[in-house]
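I have placed the structure first, in the form of structure tokens, so that the comments after it can refer back to it.
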Amino acid sequence: MTAPASSPASPYDPLDIAVELIRCPSVTPDEGGALGVLEKWLAPLGFKCERMRFSAEGTPDVDNLYARLGSGHPHFCFAGHTDVVPVGQADAWSVDPFAADIKDGRLYGRGAADMKSAVASFVAAAERISREGFQGSISLLITGDEEGPSINGTRKMLEKLAARNETIDHCIVGEPTSVEKLGDMIKVGRRGSINGWLTVQGTQGHVAYPHLADNPVPRLLEMLRRLDAHVLDEGTDHFQPSNLEVTTVDIGNTATNVIPGSARATVNIRFNDLHTGASLDKWMRGVLDAVTAEMGGSYSFKTSVSGEAFITEPGAFSALIAEAAKEVTGITPELSTTGGTSDARFIRAYAPVVEIGLPNATMHKADENTGVSEIRQLADIYETVLRGYFAGRAS
């Protein structure tokens with residue numbers, strides 16, 4: 001298959017769409033008009049656009065968009081988000097974060113890399129395919145809650161689709177997976193992530209009278225030492241070794257002559273598919289119990305799993321995407337599971353999912369930007385994937 005030529009003169013130039021999206025101040029959880037921009041571009045192509053708004057106690061309400069063209073199978077879905085992280089320190093920017101300035105062949109603005117430009121690229125690719133016709137369905141699953149708690153977005157959209165027996169066959173997520181050059185890395189899985197909050201109880205007292213107090217700090221330090229020293233695994237064929245990091249230690253004591261009454265710490269484990277959140281919770285509690293049995297005292301501990309490890313086994317679907325990237329860019333992408341979590345962790349329970357998007361060097365930074373040519377090339381990659389997919393090359 002020959003890679004399609006970039007089409008900047010097309011009425012669906014992805015740059016135009018990206019500029020419109022970046023000009024929407026959609027700092028999570030605010031929609032900022034971005035979903036309306038997408039509806040404006042998608043509806044004329046025949047996409048049925050459906051707003052999905054979800055709520056949950058203690059979290060902000062979130063607007064999301066599900067747009068589908070066609071009703072049959074195979075059903076190819078693009079998942080992404082239009083919410084962005086806050087600007088941060090405004091004077092660190094050399095441009096207006098929401099002006100979508102173009103300088104020296106690069107598009108600047110919050111969301112340029114993560115990931116409004118990728119959303120724009122897929123819309124442009126879908127327009128090209130829709131003009132020629134295809135057998136099956138194309139959809140976009142766009143959330144406004146990826147950069148936030150991730151409670152009222154992709155996960156609930158997928159649950160709603162499943163409740164009405166609407167299935168997705170394969171999915172691409174447009175996260176910025178590339179490292180140095182467009183197409184040099186795609187994600188075929190992600191590590192899991194579990195946070196743990198530990199509080200060791202003691203008895204506050206004067207440092208001159210330690211026999212009248214109970215210092216929790218030595219017990220906390222021993223617990224953290226044992227957790228940190230343990231080698232969880234050596235990695236697998238597709239994953240790095242699992243890793244625990246102590247992320248905070250807080251005694252809450254500013255006085256030098258007071259033994260604290262409690263000591264707290266948090267830990268995070270990024271883990272591969274040799275573990276689950278439940279198995280790691282059990283292991284950590286075992287370590288804490290052992291220290292408590294030896295040193296006395298008491299503790300409280302809670303955990304939260306933001307995502308389990310998963311892998312989309314290399315096969316026809318990942319090969320289709322890798323080949324499309326190579327055809328357009330000339331680069332053979334690395335199939336990787338590195339990095340943080342993404343909404344692919346929710347999608348993997350419903351369909352095979354692979355992530356491919358723009359270079360990620362400037363995401364979440366001041367002066368976030370991406371190359372104009374890269375936006376158009378990414379549209380070419382997505383178009384090549386869609387052509388191959390509906391030609392049956394994913395199975």
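The backbone N, Cα and C atoms fix where each Cβ goes, and this holds for glycine too.
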Q.
The Zn(2+) 2 site in Swiss-Prot lists GLU147, HIS364. Which one of ASP114, ASP169, ASP184, ASP343 belongs there according to the record?
A. ASP114
Q. Swiss-Prot has HIS81, ASP114 down as binding Zn(2+) 1; which of GLU31, GLU159, GLU166, GLU175 does it also list for that site?
A. GLU175
Q: Give the distance between the Cα atoms of GLU146 (active site, proton acceptor) and ASP114 (Zn(2+) 1 binding site), rounded to the nearest whole Å.
A: 11
Q: Compute the centroid of the Cβ atoms of ASP114, GLU147, HIS364, then list the same-chain residues not in that set whose Cβ lies within 8 Å of it, in sequence order, for the Zn(2+) 2 site.
A: VAL84, VAL85, GLY111, MET115, MET363
Q. Whole-number Å distance between the CA of HIS81 (Zn(2+) 1 binding site) and the CA of HIS364 (Zn(2+) 2 binding site)?
A. 14
Q: Look at the binding-site residues HIS81, HIS364 and tell me which residue has the greatest number of other C-beta atoms within 10 angstroms of its C-beta.
A: HIS81
Q: Whole-number Å only: compute the distance from the Cα of HIS364 (Zn(2+) 2 binding site) to the Cα of ASP114 (Zn(2+) 1 binding site).
A: 8
Q | List of residues, in chain order, with Cβ under 8 A from that of ASP114 (Zn(2+) 1 binding site) and at least 6 apart | A | VAL84, VAL85, GLU175, PRO176, ASN360, MET363, HIS364, GLU368
Q: Might you list, by sequence position, any residue in that chain lying six or more from GLU147 (Zn(2+) 2 binding site) with a Cβ less than 8 Å away from its Cβ?
A: THR28, HIS81, ASP83, VAL84, VAL85
